Amino acid sequence: MSSKPEPKDNHQPNGTGPTPSPCSSDGPGREPLAGTSEFLGPDGVEVVVIESRANAKGIREEDALLENGSQSNESDDVSTDRGPAPPSPLKETSFSIGLQVLFPFLLAGFGTVAAGMVLDIVQHWEVFQKVTEVFILVPALLGLKGNLEMTLASRLSTAANIGQMDTPKELWRMITGNMALIQVQATVVGFLASIAAVVFGWIPDGHFSIPHAFLLCASSVATAFIASLVLGMIMIGVIIGSRKIGINPDNVATPIAASLGDLITLALLSGISWGLYLELKHWRYIYPLVCAFFVALLPVWVVLARRSPATREVLYSGWEPVIIAMAISSVGGLILDKTVSDPNFAGMAVFTPVINGVGGNLVAVQASRISTFLHMNGMPGENSEPTPRRCPSPCTTFFSPDVNSRSARVLFLLVVPGHLVFLYTISCMQGGHTTLTLIFIIFYMTAALLQVLILLYIADWMVHWMWGRGLDPDNFSIPYLTALGDLLGTGLLALSFHVLWLIGDRDTDVGD
């Protein structure tokens with residue numbers, strides 16, 4: 001109660017520590033609240049200075065707060081500059097990968113079956129009979145989905161997985177830039193495909209028709225433009241929706257793009273070419289007007305694509321894979337044309353979109369997944385792996401414990417059950433008037449398995465090789481892989497039909 005003991009405690013001789021105050025917070029076993037130091041004052045009197053532990057504690061707490069505040073400021077700076085932190089990669093097992101891929105894979109397969117059935121119907125239309133060069137446009141424009149739409153799906157899937165589409169501003173910039181980019185590419189590739197069709201149609205017999213050339217150009221450019229616009233909008237919705245419900249967009253976006261791409265592109269090509277053909281005798285000038293309209297829109301799309309840093313680079317450097325892939329697909333188209341022209345192998349036409357589409361879909365999923373995995377660990381050109389990847393062994397591609405090898409095994413195991421479902425569907429719809437026999441199914445499955453096996457191995461090598469050279473695999477790998485899928489699928493299927501014919505499997509009725 002009295003204040004007299006306090007000065008007495010504060011001036012203990014010989015520098016002894018003070019007696020703890022009754023209101024002290026220090027109890028038994030705790031450190032003393034105050035420490036002392038002593039020195040001589042001006043008059044030679046020993047002065048004892050009490051250093052409060054509370055002050056030291058306060059200083060330490062202040063330092064800790066300053067450190068936390070500095071970390072908070074750094075976090076705020078990062079969030080201000082880059083937006084929300086990228087989401088962590090989804091933990092996936094073989095079962096979850098297969099479950100997510102299965103439905104889009106089946107949807108894509110049924111889309112290719114529908115495209116084959118449509119081609120089987122429209123091949124008897126007058127425009128396909130009179131302007132036979134339209135058939136040459138089919139593989140080039142169907143391959144356009146691999147060159148543009150599936151590349152778009154892979155690019156947007158990677159952007160979504162690494163957090164580049166989390167804020168509304170980033171999302172809008174990514175959408176406008178990519179939509180404008182594929183319109184530029186679709187217009188140019190559609191025009192080049194029409195030139196290739198005219199040249200391939202002129203070489204065999206030396207006949208050239210200017211109205212037919214304008215018809216091919218108008219049909220090709222209009223089909224490529226409209227199909228890319230529709231499919232691009234669908235892809236954006238699929239990727240945003242997949243991310244919101246916790247599904248990896250890499251597993252669903254590219255197969256859905258493929259499933260809708262073949263059917264929509266072939267339907268548009270048939271309808272537009274038929275409509276323009278009806279005007280051939282009365283409004284011939286409409287063909288150059290259609291071409292001029294889509295070409296006049298090119299500067300608008302170029303300006304929009306240049307505004308986005310993500311698409312500006314592709315606008316300048318992304319033409320090589322698109323054009324080379326179109327040339328590769330054209331070689332597959334020539335094989336198809338030579339094979340189907342033989343009455344013994346006419347039934348092959350209905351199976352070609354299926355085997356090519358399935359192989360392209362599966363390898364596009366794998367390439368997109370590997371590309372996303374690499375983007376999560378660095379930028380193109382950065383070697384984030386302990387040892388540089390060169391040419392991988394098949395065991396590394398298919399039997400290693402990493403997630404990409406696991407997905408390769410899952411995708412490969414989908415080939416046989418998927419094709420069995422598609423073959424049964426074609427048989428029920430009497431597509432191509434083909435009777436399925438055991439030996440035909442064995443040869444067909446062998447061709448399909450070999451095609452996908454080669455594609456998955458090439459994808460593992462190509463994506464890492466492009467990454468090491470500083471190229472974004474999302475923009476460069478998928479066009480090559482899907483074009484190789486067309487070439488391998490058509491070639492192996494044609495070889496299977498020839499072997500079946502040579503060994504005398506007449507029950508297959510491939511040419512009926």
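Yeah, the Cβs are placed from backbone N, Cα and C, and that goes for glycine too.
All annotation found in TrEMBL is predicted automatically rather than curated by experts.
Copied from TrEMBL, the annotated features are:
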type     : residues : note
REGION   : 1-40     : region 'Disordered'
COMPBIAS : 1-11     : compositional bias 'Basic and acidic residues'
COMPBIAS : 12-24    : compositional bias 'Polar residues'
REGION   : 59-90    : region 'Disordered'
TRANSMEM : 97-122   : transmembrane segment
DOMAIN   : 138-272  : domain 'SLC41A/MgtE integral membrane'
TRANSMEM : 179-203  : transmembrane segment
TRANSMEM : 209-240  : transmembrane segment
TRANSMEM : 252-273  : transmembrane segment
TRANSMEM : 285-304  : transmembrane segment
TRANSMEM : 316-336  : transmembrane segment
DOMAIN   : 352-495  : domain 'SLC41A/MgtE integral membrane'
TRANSMEM : 408-426  : transmembrane segment
TRANSMEM : 438-458  : transmembrane segment
TRANSMEM : 478-503  : transmembrane segment
Cβ contacts the transmembrane segment (285-304)/the transmembrane segment (316-336), at least three under 8 Å, sequence gap 6 or more: no
For the domain 'SLC41A/MgtE integral membrane' (138-272), the number of residues DSSP places in helix, strand and coil: 120 helix, 0 strand, 15 coil
Composition by DSSP (helix, strand, coil) of residues within the domain 'SLC41A/MgtE integral membrane' (352-495): 112 helix, 0 strand, 32 coil
